[in-house]
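As structure tokens, the structure follows; a few thoughts come after it.
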Amino acid sequence: MIQQITYRMDIAMGTPNNLKTTGLKATLPRLRILSLFESSSVRHLSAEDVYRTLIGEGEDIGLATVYRVLTQFEQAGLLERHHFEGGKAVFELASDAHHDHLVCLQCGRVEEFYDAEIEKRQNKIAKDRGFAIHEHSLSLYVDCIKPACPYRKTEDRSAKEKS
């Protein structure tokens, strides 16, 4: 059964007081970047994605500042960093619930999922071999099979529609 993923919104709320509880001063760049992660429909963002979005919103926050804030948020436990194969680092809001990832090889889009059967199977495999899982990460690298995938790069979608 696939379950909904919940995020640590108790901590990761872009208000000065809540940011201070993590030991970070509430600066404008930190508040804006945290707010962006909370409001974005895209759950996994690279530093460049964050930077481009902020510039598009008229914010004057430099790329070096974005990198620095993302690293600080990761160290404070607000964000988690992932290095998916063949791509740059992406960040997501920290979650108390374990989840796995589907990574599209065509466009790089990442979808999260949790499947209790997969988790049970992994635990059984480890136990059968004399281990107990402390933590794990499962990333499935996939190709989108939807004919009109809205995330596929334009040239890929155009070529498929012509054939």
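Quick reminder: no glycine exception, Cβ is built from N, Cα and C everywhere.
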Suppose a student reads TrEMBL and sees HIS98, ASP100, HIS136 listed for Fe cation. Which of GLU85, GLU117, GLU119 should they find annotated at that same site?
GLU119
For the recorded Zn(2+) site formed by CYS104, CYS107, CYS144, name the remaining residues of the chain with Cβ within 8 Å of the site's Cβ center, in chain order.
LEU105, GLN106, GLY108, ARG109, VAL142, ASP143, CYS149, TYR151, ARG152
Find the shortest Cα-Cα separation between GLU119 (Fe cation binding site) and the binding-site residues CYS104, CYS107, CYS144, and name the residue that gives it.
CYS104
With every protein chain in view, how many other Cβ atoms are within 10 Å of the Cβ of HIS98 (Fe cation binding site)?
12
Taking DSSP three-state, what's GLU119 (Fe cation binding site) in: helix, strand or coil?
helix
Residues satisfying Cβ distance under 8 Å from CYS104 (Zn(2+) binding site), sequence separation of at least 6:
VAL110, GLU111, VAL142, ASP143, CYS144, TYR151
